[in-house]
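Scroll down for the structure; my scribbles are underneath it.
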Amino acid sequence: MSLLTEVETHTRSGWECRCNDSSDPLVIAASIIGILHLILWILDRLFFKCIYRRLKYGLKRGPSTEGVPESMREEYQQEKQSAVDVDDGHFVNIELE
């Protein structure tokens with residue numbers, strides 16, 4: 001018998017899973033946190049472009065345009081459009097007031 005199989009056999013009995021039917025609150029909390037973390041990570045990877053663009057550009061409101069001539073409003077809207085519109089194969093929904 002080689003030394004490798006002896007070591008594997010020896011450690012295998014020492015690392016048995018003892019938490020199959022465990023009702024320890026710490027084990028349950030760790031499992032729930034792990035599952036939630038996995039779900040949030042998957043959602044983040046699927047929708048990261050939408051989420052971060054919305055946070056970066058969607059929540060910012062521009063300055064008030066009251067009393068500003070129409071030509072300057074259009075220029076501001078065009079600048080805002082060019083700042084948000086990124087050509088990477090995805091469409092960006094922009095709602096103009």
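Every residue, even glycine, has its Cβ placed from backbone N, Cα and C.
Annotated topological domain 'Virion surface' per Swiss-Prot: 1-22, in sequence order. Here Swiss-Prot flags N20 as N-linked glycosylation site. Look at Swiss-Prot and you will find 23-43 tagged as transmembrane segment. What Swiss-Prot records for W41 is site 'Seems to be involved in pH gating', and it gives sequence analysis as the kind of evidence. Taken from Swiss-Prot, the feature topological domain 'Intravirion' applies to 44-97, supported by sequence analysis. Annotation source Swiss-Prot lists S-palmitoyl cysteine at C50. Swiss-Prot lists 60-84 with the feature region 'Disordered'. Per Swiss-Prot, the feature phosphoserine maps to S64, S82.
Each residue contributes its Cα atom, and for the residue listed as 'S-palmitoyl cysteine' and S82 (phosphoserine) these two points are 17 Å apart.
Not one residue of the same chain 6+ positions outside the transmembrane segment (23-43) places its C-beta atom under 8 angstroms from a C-beta of that stretch. For the topological domain 'Virion surface' (1-22), the predicted model reports an average pLDDT of 55.
Ranking the recorded positions W41, C50, S82 by the number of CB atoms within 10 A of their own CB puts C50 at the top.
On the backbone, the CA of S82 (phosphoserine) and the CA of W41 (site 'Seems to be involved in pH gating') stand 30 Å apart.
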